[in-house]
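Worksheet: the structure to be examined is printed underneath.
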Amino acid sequence: MARAHKYDVIVVGAGGAGLMAARYAAQHPGVSVAVISKLYPTRSHTGAAQGGVGAALGNVSEDHPEWHAFDTIKGGDYLTDQDVAEMFAHEVVEAVYELEHMGLPFSRTPDGKIAQRKFGGHTREFGKSAVERACYAADRTGHMILQTLYQQSIKDNVVFFNEFHVLDILIEGGECVGVVAYELATGQLHTFHAKATVIASGGNGRMFKVTSNAHALTGDLMSVVYRRGIPLEDPEFYQFHPTGLYKIGVLLTEGARGEGGILRNKDGERFMERYAPTIKDLAPRDMVSRAMYMEIREGRGAGPDNDYIHLDLTHIDAHIIETRLPDITEFARIYLGVDPVKELVPIQPTAHYAMGGIPTTINTEVIRDGDNTIVPGLYAAGEVACASLHGANRLGTNSLGDLIVFGRRAGIYAARYAAETSYKDLPRDEQDFSRALIDRALNGPGWERVSRIRQDLQESMQDNASVFRTEETLTKQVEVLKELKERYQKIGVEDQGEQYNTELMEALELGFLLDNAEALVHAALNRKESRGAHSREDFKERDDEAWLKHTLVYKDGEGVRIDYKPVTLGKYEPKPRVY
Ligand SMILES: Cc1cc2nc3c(=O)[nH]c(=O)nc-3n(C[C@H](O)[C@H](O)[C@H](O)COP(=O)(O)OP(=O)(O)OC[C@H]3O[C@@H](n4cnc5c(N)ncnc54)[C@H](O)[C@@H]3O)c2cc1C
């Protein structure tokens with residue numbers, strides 16, 4: 001295969017955001033589009049999404065985009081950019097109908113409309129009670145989105161480079177002109193020359209020990225842009241989903257609580273009544289995860305070690321459980337040997353979603369500073385990006401919405417830009433940086449093992465930088481990361497082969513994860529308040545006076561530099577969050 005490629009638009013990532021972007025770019029007359037993905041497209045994590053995509057269709061009860069926008073802003077603890085939330089809540093309605101027209105097999109109401117159910121933080125009339133807003137296809141919504149979009153992309157003649165790992169983006173004269181990728185099957189580097197590049201490479205949950213995220217979610221492109229001088233926005237806001245299977249972290253969708261599931265402590269008490277009297281178990285995830293840990297700390301956790309919580313579905317009609325939540329029911333049976341129809345399911349919070357990421361404008365253009373200076377030719381969408389729709393805490397179902405709304409925007413804007421511009425020159429020796437990364441791993445001394453460093457990273461992040469944080473734990477984690485980075489310099493890869501060298505790729509992915517952890521921990525140490533998913537035990541209150549601003553973390557030599565960007569406010573004044 002040739003190792004130099006030229007496409008008007010290159011999309012990195014074949015999850016929901018990448019495929020949506022590719023489809024839309026391909027519909028622009030005369031624009032050629034290729035997708036590069038380290039996984040086969042339908043193995044992307046979007047396929048694991050269960051519960052639904054939120055849109056105010058009002059099919060089950062009255063609903064309005066305005067209510068959805070408000071819930072998103074309040075759910076994000078007012079760090080959400082309000083213009084973004086308003087746009088999103090309106091466009092996601094259109095985008096869901098589009099998915100329906102592409103053939104996505106949504107579950108249906110008795111009268112044939114797209115079925116909708118309740119989800120955390122989604123309310124009617126600005127917080128009065130929970131509302132049915134999540135459009136779903138049983139508990140396989142993401143799977144259906146991914147299959148549908150993949151079929152459509154094939155129909156639209158998008159070209160796919162599967163099992164190609166992007167290791168670097170090419171910036172020349174301040175503009176993005178393409179990427180360099182490693183072909184897993186042959187061990188060769190390929191240069192992709194592009195007029196516009198869309199990054200849609202998903203999240204980074206693998207830096208934590210207990211996570212719902214697939215193994216491939218190692219934040220590669222967050223690290224790649226960070227190494228190239230582009231900051232990461234709000235990385236300290238990392239979401240823990242309340243209902244992961246005990247010890248293994250496999251997710252049980254919030255849709256389980258949407259269908260009436262209840263969280264109980266060891267005494268059988270429905271403790272969320274004390275923390276969120278109005279919407280109880282359907283409070284936003286940050287609040288529920290914290291409440292669970294409080295119960296455990298105060299000795300009310302279940303099990304022999306009092307270290308988990310019960311999810312109770314036993315009062316729900318077995319037919320509803322089997323038809324609307326078939327996959328998660330199976331997960332509980334297979335992994336824990338527990339039958340949710342008859343028994344309580346042991347759960348604990350699991351690392352789930354990065355609210356922060358590569359900073360973009362509302363139109364998905366990547367920006368490089370607090371003045372919103374655009375990097376021409378570079379776009380980002382999906383979990384890797386930060387627009388910022390989710391602020392300090394994402395509401396359930398708003399990520400799938402994010403993929404289709406911002407994926408579509410990325411495709412449209414990237415194609416438009418590509419159609420108007422000509423190819424810029426590539427940098428000289430454009431593969432050197434990637435070649436050096438690979439050589440260092442292949443020829444390293446091998447005194448340190450990749451799997452050990454990764455385990456130490458995951459355990460220490462879980463202990464020091466997860467649901468609760470303090471100056472002490474974060475300072476400790478800064479030191480731990482320094483040490484891990486030093487150890488990383490001493491790794492070596494045993495497999496020197498060129499075909500399917502997954503050991504080499506895992507080594508490079510660990511390097512990416514370490515950068516992601518560094519940005520998160522420094523930002524968390526710097527932010528001296530509690531807001532959304534960032535909970536400081538030494539600064540328990542939200543402090544709008546000092547901290548109603550976005551963080552931008554830059555790589556600066558061996559350390560980091562922190563800057564800020566204002567939050568775009570709108571009609572909703574920041575208020576205390578009560579549910
Ligand atoms: C178990 C689970 C359940 C969820 N349920 C819901 C839900 O019900 N509702 C909801 O709104 N959200 C849900 N989420 C969140 C949501 O699914 C994800 O945030 C979203 O799917 C991310 O989509 P994406 O397109 O950004 O990335 P992904 O789907 O993760 O795709 C990333 C793509 O990037 C590619 N890639 C990554 N690195 C590289 C590289 N270096 N080179 C080349 N390619 C690369 C991968 O191959 C992949 O194709 C869930 C998440 C999980 C983990």
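The backbone N, Cα and C atoms fix where each Cβ goes, and this holds for glycine too.
For the substrate site, TrEMBL records His241, Thr253, His352, and the single candidate of Arg274, Arg290, Arg394 listed with them is Arg394. Filtering Gly13, Leu39, Gly47, Arg285 by Cβ distance to ligand 1 (under 6 A) retains the following recorded positions: Gly13, Leu39. Candidate recorded positions: His45, His241, Arg285, His352. Fewest other C-beta atoms within 10 angstroms, His45. The average pLDDT the prediction assigns to the domain 'FAD-dependent oxidoreductase 2 FAD-binding' (8-400) is 97. Those residues of the chain, other than His241, Thr253, His352, Arg394, with a C-beta within 8 angstroms of the mean position of the substrate site C-beta atoms are Ser212, Gln239, Leu251, Glu254, Arg285, Tyr353, Gly396, Ser399. Neighbour density at the Cβ, taken as the number of other Cβ atoms within 10 Å, is lowest among the binding-site residues Ala17, Leu39 for Leu39. Among the recorded positions Thr253, Arg285, His352, the ones whose Cα sits within 10 Å of the Cα of Gly51 (FAD binding site) are Thr253. Ranking the binding-site residues Gly13, Gly47 by how many Cβ atoms sit within 10 Å of each one's Cβ puts Gly13 at the top.
The substrate-binding residues named in the record, His241, Thr253, His352, Arg394, extend over a maximum Cα to Cα distance of 14 Å.
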